[in-house]
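Undergrad: I'd like to ask you about the structure that follows.
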Amino acid sequence: MSTSAMELLLTATIFCLVLWVVRIFRPQVPKGLKSPPGPWGWPLIGHMLTLGKNPHLALTRLSARYGDVLQIRIGSTPVVVLSGLDTIRQALVRQGDDFKGRPDLYSFTFISDGQSMTFNPDSGPVWAARRRLAQSALKSFSVASDPASVSSCYLEEHVKKEAEYLIKKFQELMAGPGHFDPYRYVVVSVANVISAICFGQRYSHDDQQLLELIDLNNEFGEVTGSGNPSDFIPILRYLPSATMDTFKDLNRRFSVFIQKMIKEHYKTFEKGHIRDITDSLIEHCQDRKLDKNANIQISDQKIIGIVLDLFGAGFDTITTAISWSLLYLVMNPRIQKKIQEELDTVIGRERQPQLADRPKLPYMEAFISEVFRYSSFMPFTIPHSTTKDTSLNGFYIPKGCCIFVNQWQINHDQKLWGDPSVFRPERFLSPDGTVDKALSEKVTIFGLGKRRCLGEVIGRWEVFLFLAILLQQLEFSTSPGVKIDMTPIYGLTMKYSRCEHFQAQTRPFVLKCPEA
């Protein structure tokens with residue numbers, strides 16, 4: 001046999017072998033269903049180059065071509081990407097049990113030593129019980145009323161204190177340098193709110209321990225948002241990685257801080273005198289009961305995981321929302337003035353805004369909804385996974401498949417919004433001036449279904465109250481001639497480049513009679 005014939009035979013054999021291996025490992029698609037469509041990908045790396053620096057934009061473009069259910073590969077891992085409000089609601093709400101899982105990603109095992117409630121792949125009874133416990137504790141020390149305070153609830157009391165501090169601080173900075181970076185101060189105030197709820201403790205704005213913790217959280221968002229190749233290319237786990245080393249270290253330090261706070265709470269814990277979320281969780285841990293039949297227990301390690309999840313998520317998301325809000329206010333003075341006119345008319349200046357004022361401030365609510373939509377600062381949910389073989393829109397999705405949910409695409413879908421690239425709060429107002437609830441509920445930023453963010457209600461309330469108190473007293477602008485870079489920086493939460501050129505002037509007092 002000639003050499004060329006041998007080479008041809010060898011090539012054909014290898015091709016057949018590869019084809020056989022692919023067929024063996026490819027899930028068998030049930031009759032009547034199809035595999036999700038998607039673009040051609042490179043060997044070994046799949047579509048990693050296609051995603052680039054802004055995966056939300058790349059996947060939005062792909063969804064326009066391939067539809068609301070498409071499949072890509074990241075490394076050797078198949079990933080199904082969901083877009084479109086109806087499709088995502090179908091998956092996460094109507095078929096919520098099928099899509100409530102978390103992928104067992106390598107990097108997730110280092111968050112809370114694998115005990116994180118948010119990132120852990122468990123989606124069974126223990127996870128559900130932990131989630132109910134966390135939800136109950138969060139409600140008890142945020143939206144529940146505080147009998148010792150004139151505020152309507154614990155959250156309102158904490159936010160008012162921090163907002164008052166911010167007003168004073170911004171005024172001091174204007175009297176000094178004459179400009180400032182609001183993020184530097186907002187993040188500490190928001191962190192203090194969740195710290196008071198979780199630990200019953202407020203920190204100084206110069207406290208090095210808290211500032212270090214904030215830096216760790218920012219790093220976490222950057223590293224997690226940029227993706228970890230070893231999650232999808234297993235062989236990389238055994239090779240040196242500076243990014244992975246950083247990720248492990250910041251999670252270790254974050255856990256050490258939370259463990260320290262919990263140990264201090266154990267030392268001073270008094271049954272019947274529950275001071276904060278940590279005390280509430282310790283009480284449940286000592287009772288060893290999570291359900292009415294006492295079948296599910298919670299360990300000390302899982303307490304750390306719950307507190308870490310609540311604390312970490314409790315200030316990054318809200319700080320980012322407030323930061324984008326301030327940016328859009330200085331870029332749109334007309335909108336800022338309209339919000340302040342509404343505040344003056346409804347509340348006046350004799351008292352601070354309260355949570356009870358929300359229904360009477362529709363333009364403020366419309367503005368916040370537009371901030372959430374336009375910025376889409378959480379472009380994706382944390383990845384989901386399927387808990388069983390299922391189908392969606394006629395496409396077969398096997399058990400354990402990693403699912404990306406593109407929230408950015410929903411919030412910029414021209415079919416939903418008409419002019420998604422225009423910042424226009426009025427879109428959320430009905431002709432009679434009230435909030436169009438049906439439309440505002442289409443804004444997707446906190447996820448949907450069984451994995452929906454636990455703190456969504458608290459987050460919305462907190463953003464509203466901070467902004468209302470600040471805008472009642474201050475008018476925000478930027479230094480003359482300064483241009484702000486509004487380009488979002490991709491991450492777990494998308495932020496804009498820090499800017500030192502914000503200004504705030506105390507609003508002149510104009511006596512107006514508030515509405516009855």
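A Cβ is built for glycine as well, from the same backbone N, Cα and C atoms used for every other residue.
What Swiss-Prot lists as substrate binding site is F220, and the listing cites similarity to another entry. The heme binding site feature in Swiss-Prot is assigned to C453. As annotated by Swiss-Prot, O-linked glycosylation site applies to S63. Sequence annotations record features per position, and here Swiss-Prot assigns region 'Mitochondrial targeting signal' to 25-36 based on similarity to another entry.
Mind running through what each feature is packed against?
TA: All protein chains considered, the CB of F220 (substrate binding site) has 20 other CB atoms within 10 Å.
Sequence-distant contacts of C453 (heme binding site), defined as residues of its own chain at least six apart whose C-beta falls under 8 angstroms from its C-beta, comprise A313, T317, F446, G447, G459. Taken residue by residue with DSSP, C453 (heme binding site) is part of neither helix nor strand, so it is coil.
According to its DSSP assignment, S63 (O-linked glycosylation site) is helical.
Here the region 'Mitochondrial targeting signal' (25-36) has a mean pLDDT of 82 out of 100.
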Undergrad: Tell me the Cβ neighbour count for S63 (O-linked glycosylation site), meaning other Cβ atoms within 10 Å of its Cβ, over all protein chains shown.
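TA: S63 (O-linked glycosylation site) is surrounded by 20 other Cβ atoms within 10 Å.
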Undergrad: Return only the integer: C-alpha distance in Å from F220 (substrate binding site) to S63 (O-linked glycosylation site).
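TA: With distance taken Cα to Cα, S63 (O-linked glycosylation site) is 28 Å from F220 (substrate binding site).
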Undergrad: What three-state class does DSSP give F220 (substrate binding site)?
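TA: Where F220 (substrate binding site) sits, the three-state DSSP reduction gives helix.
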